[in-house]
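Each remark here refers to the structure printed beneath this line.
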Amino acid sequence: MTSQINNEFLSLDVLPKHIAVIMDGNGRWAKAQGKPRVFGHKAGVDAVRKTISAASKLGINAITLFAFSSENWRRPEEEVSVLMELFITVLSREVKRLHKNNIQLRIIGETSQFSSRLQKKIVEAETLTSENTGLVLNVAANYGGKWDITQAVRRLAYQVERGNLQADDIDEDLIASKLTMSDLPEVDLMIRTSGECRISNFMLWQMAYAEFYFTDQYWPDFNEQSLADAVAWFVSRERRFGCTGEQIQALMNEKDQ
């Protein structure tokens, strides 16, 4: 039987260090309102802001948002085009806000497939925030977990081919060192919105020991309270004692003062 804990015993030490989020349900959210899918993608940007703000207030080390998977290229061309333009617009508009809040932005994925215009924006945004020491915000764009593992193994294969590495020396730690986000803690909490219960080729290696939290909320409806509820669930799972979203909100407020 679990017991409710007092706020004084709830510290930042029990919170997840790295949260991954599959932002799902933009299209269905828009459809429910009689709007085109792109309307949902634009509304989802506000949910991103709220989630980043909440994670930063809680002192989370890193948060990784699944913005565009390598499979998303199969969507209708018009929708993909709108998503790319939205990505450019959001990067241009939000990067100064991120920088002001000491947030370091990283774009992970096969970015070479993006337009030169978008690649330039990515480099500019990452460069501006590269020295920031607060929350690390990873945006997974044209990313897939299989791709990440493949590129890591390929890099090691090149080293073996050149005679700089023996095949027998390859172990889990060496592979992990070649993955994206290798300098960050492994994911301990994965959140997926919209009621879907799958990980969709997202961070397959890094989420090996993560707790999975699924919510029926569509992504545009996700907010600070939503993240607080997910983190409270994580604390209850990890520490085997009761925790509420209100307690997590109280921690946010303490950080905000």
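For all residues, glycine too, the Cβ spot is worked out from N, Cα and C.
According to Swiss-Prot, the protein carries these features:
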- D24: active site (ACT_SITE)
- N72: active site, proton acceptor (ACT_SITE)
- D24, E211: Mg(2+) binding site (BINDING)
- 25-29, R37, H41, 69-71, W73, R75, R192, 198-200: substrate binding site (BINDING)
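What Swiss-Prot annotates, mapped onto the structure for a quick look.
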residue : record                       : CB count, 10 Å
D24     : active site                  : 24
G25     : substrate binding site       : 26
G27     : substrate binding site       : 21
W29     : substrate binding site       : 24
H41     : substrate binding site       : 22
S70     : substrate binding site       : 19
N72     : active site, proton acceptor : 16
R192    : substrate binding site       : 23
I199    : substrate binding site       : 17
E211    : Mg(2+) binding site          : 16
Collapsed DSSP category at E211 (Mg(2+) binding site): strand
Between R192 (substrate binding site) and N72 (active site, proton acceptor), the C-alpha gap once rounded to whole angstrom: 17
Listed in sequence order, residues with CB under 8 A of W73 (substrate binding site) and six or more positions away: V80, N142
G25 (substrate binding site) in three-state DSSP notation: coil
C-alpha spacing of E211 (Mg(2+) binding site) relative to W29 (substrate binding site), in angstrom: 26
Between N72 (active site, proton acceptor) and G27 (substrate binding site): CA-CA distance (Å): 13
Between the residue listed as 'active site' and S70 (substrate binding site): CA-CA distance (Å): 15
Cα-to-Cα gap, E211 (Mg(2+) binding site) vs I199 (substrate binding site), nearest whole Å: 12
